[in-house]
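Engineer: Take a look at what TrEMBL says about it:
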- 39-285: domain 'G-protein coupled receptors family 1 profile' (DOMAIN)
- 20-45: transmembrane segment (TRANSMEM)
- 57-80: transmembrane segment (TRANSMEM)
- 100-118: transmembrane segment (TRANSMEM)
- 139-156: transmembrane segment (TRANSMEM)
- 203-223: transmembrane segment (TRANSMEM)
- 235-256: transmembrane segment (TRANSMEM)
- 268-287: transmembrane segment (TRANSMEM)
């Protein structure tokens, strides 16, 4: 533990040394972050202020939007700020907090996506028992289980990183504090720690992805026996969910299910699950969802007209 105090901060090398690229990235990621906040807040308010809140699918979607805001806020504001600085530093404490937060919130998001897949399976494959299976008490329990799973995962990851000695060098070839870049600068043999990280984060991502893929295969087989209208509606909601799953899990599996070494491409893949996926989630879930678009129009028109009446 004492050797950890030899380093008070880490230097983040960021995305690029080129000044023009950094300015472009600043504008682009600022736009992305504002889009994430606006899009997910729109979904949150629209669900909470409409009857959709009492439907399990939208109840979980609201939680997913909240997680998207929290998850990307662990990284994006600091990334945007660092793009304006020549020397990009992060304190040891903030770095450890970022590692814990990213794995805590990221794993909650993974579990919520899994719960959403289970909800679609129950709705399509067990329609007569759907309301009984997905009652509000069970929905709350599933969300609580997602938070508990995220806590267990992040504490296990954090405890491994927190015990590592950092005595120099302190340059991290990334735009944020992540486990594999930190293993590279630790002044001890980190092979076993790396294998444990792969076994934890990598296998969890892979097993969850396989389960999600399997559930949608079952759903697609079940849809053969439904009406054309039922198939269209189910495929619309399932298609949105599958797109989000691929956007989030593809880069995550690449990042963690491999030997514990770093690649230059890691930073690009990390952008997908920390910024790009949270930005596209609101669009994916609203553009093809008639119920969501109708609820958004109704809620926001009511808010605008009520404001005009008060004025």
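Using the three backbone atoms N, Cα and C, a Cβ is placed for every residue, glycine included.
On a predicted model such as this, the values are computed, not experimentally measured, just so you know.
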Engineer: State, in range form, which of 20-45, 100-118, 139-156 has the highest count of Cβ pairs under 8 Å to the transmembrane segment (235-256).
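Structural biologist: Checked against 20-45, 100-118, 139-156; highest Cβ contact count belongs to 100-118.
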Engineer: Could you tell me the mean pLDDT over the domain 'G-protein coupled receptors family 1 profile' (39-285), as a whole number?
Structural biologist: 86
